[in-house]
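These come from TrEMBL:
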- 12-192: domain 'Ketoreductase' (DOMAIN)
- 18, 19, 20, 21, 69, 70, 96, 161, 162, 163, 164, 165, 194: NADP(+) binding site (BINDING)
- 161: active site, proton acceptor (ACT_SITE)
């Protein structure tokens, strides 16, 4: 039996960081519906996180909500401890938590740079490190890192975000090479413009039109579409031989006109 395929035979425990809203919420619901026991991580939005847990339970699944700022290593340790105490293992990690602090380079404050790097990149590193310690003993596991097409192409006003997300893609490849001998796969998902609260709050109607004009499919993506790709990488036996890859899910921006 191939170690990576064992995940398909029993309900895996999945930690999803930043799972109270947007893409993280959709991922948590998708994994829960597929039979995973979901640890719904949140940093501040307790109410929405508990709603995600209730949605999963209403569908017959298992889930808990755990508060932790994954930019802080001590809170990461507490998150993984809560997961193992509740469900006994950690089989899937979805590193989704992230923020934006946009601004032109010449005007960007040090805190705006550091806050984004700390959560969007360092948080992925430290969560992956914690997951590896558990998954290595099991000799199986799947890690999915949420990057962005901005990490592949850059974007004016998002130097901090682009640097962090590009770093996630590099980290994904390095970790895939290091973790492979223990049966652990590591992949990244690079969404384009997805119809979430974060995107809709930042784009004016005029900017939204400009964005959709450069997307070959002519529309924003939906969080559920990203969640479907994550579920495949996290739980499908057909994904057992995929590692070190960054998947764009962007309506064709990567092959289109770009930004």
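Even glycines carry a Cβ here, placed using N, Cα and C.
In the three-state DSSP reading, the residue listed as 'active site, proton acceptor' counts as helix.
Residue 96 (NADP(+) binding site) sits 14 Å from the residue listed as 'active site, proton acceptor', taking the CA atoms of both as reference points. In this structure the C-alpha atoms belonging to residue 194 (NADP(+) binding site) and residue 161 (active site, proton acceptor) are separated by 16 Å.
Across the domain 'Ketoreductase' (12-192), the model assigns an average pLDDT of 97. Listed in sequence order, 40, 42, 45, 46, 48, 49, 52 are the same-chain residues six or more apart from residue 20 (NADP(+) binding site) with CB atoms under 8 A from its CB. Using a 10 Å Cβ-Cβ cutoff, residue 164 (NADP(+) binding site) registers 27 neighbours.
A simple way to gauge crowding: the CB of residue 194 (NADP(+) binding site) has 22 other CB atoms within 10 angstroms, across all the protein chains here. Listed in sequence order, 43, 75, 119 are the same-chain residues six or more apart from residue 69 (NADP(+) binding site) with CB atoms under 8 A from its CB.
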